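Reviewing the structure listed below.
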């Protein structure tokens, strides 16, 4: 057994050395494979356990207690299962000497080049860049909340805070590789625990006091509104569990990769279970059907703070700092594309030939995302559509299809039909959730205005 393990390591090492000689600049510089499973856990946690989890109580408003908890449990189980399957497929190809560092490379090999080039690649880019824009917008909104705490009659507009957050992103975007974010993502892991604890504690404090609104857990609206509300809530939960960059995260692991991603997923889902359920349950318990799109907004009611001002300030600071880490993680696929287009793999990573194009291209990318976030403060509605079309297929549907096509389990085995059932159910949910998200945009369209101060 020991001899087989040594041979596996030698095969992996030799194939990785041969592959490195053929890597383009994007894979060589941005997706360098030097990390451990612990670093992988940091990256996974930052990409999944992010401030959108603060919208989970709002999802419960349309689902109720049992529906909300059931969707959370199903989302956690299915995504853990899907991400683990995706990791096993990647490990299998790596063992065969074809280690895939990008989602589109994996799709090229398993589904064919057209699927990678015209579907998986564009969908992943749209989802990840959308996450950068959404994080920038949310960061600006949290900054504005802090500003209004200290200066309630202040005249600064939302887009000004979005630009300030974009300035922070200009600096972080220059981190050379995904692996170089490992220390930032460790801090990010601690920050997500911190603001989740604050959100939970704040909700419990308000719920136990007489300051909060009267609790009502009924689901409002007519039949049509309730039905579309359910699917919109499912899209919110699916987007919260979404990742979309599992292959890129696994690419940061030093070979041999076998078993390391599973350990990283265990770290991530320990954090996820702690934060998602505590925030969702405490927030919905405290505010009922009056829970807002971001639970922190409920900490202020009719212009009065329901918790100490310093508590709101600290919670928003934690959220802003983690948002910057989340944004820079989801910027990595864009950075990889830019590096592949403009860098020279034969030159040193930090040579003038590569540093100047890197700084210019990444800065332009951040400026574009910041401009979109400032112009479209209603981007959350658009992001719901992106999530339905992007996160659901990438994270719920494609992993089980990749597994069945790669390992070809017999149709007599339950795993084949279980995987097909997941693919079918979540494909249908994705289509319906997309329709619900488009409907929400049509309802909110009359309030849309460029550079609106919301």
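Here the Cβ of each residue, glycine as well, is placed from N, Cα and C on the backbone.
Fair warning: this is a prediction, and the values are worked out from it, not measured in the lab.
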Which residue range, 187-207, 334-354, is the one TrEMBL calls transmembrane segment?
187-207
Of 42-62, 63-83, which span is tagged transmembrane segment by TrEMBL?
63-83
Spatial neighbours of the transmembrane segment (118-138) far in sequence, C-beta under 8 Å, 6+ residues away:
50-52, 103-104, 106-107, 111, 162, 165-166, 169, 242, 244-245, 294, 319, 323-324, 326-327, 330-334, 337, 369-370, 372-373, 376-377, 379-380, 382-383, 386-387, 389-391, 393-394, 398
Remote residues contacting the transmembrane segment (227-246) - C-beta distance under 8 A, at least 6 residues beyond either end:
44, 47-48, 50, 52-53, 55-56, 58-63, 67-68, 71-72, 75-76, 79, 83, 86-87, 90, 103, 124, 127-128, 131, 219, 221, 261, 276, 329-330, 332-333, 383-384, 387-388, 390-392, 394-396, 399, 429, 432-437, 439-440
Would you confirm whether the transmembrane segment (187-207) and the transmembrane segment (417-438) meet the contact rule of 3 or more C-beta pairs below 8 angstroms, pairs 6 or more apart in sequence?
no
Which listed range (63-83, 307-331, 359-379, 385-405) shows the maximal number of Cβ pairs under 8 Å with respect to the transmembrane segment (267-287)?
63-83
Cβ pairs under 8 Å only, please: of the recorded stretches 63-83, 158-175, 385-405, 417-438, which one is richest in them relative to the transmembrane segment (359-379)?
158-175
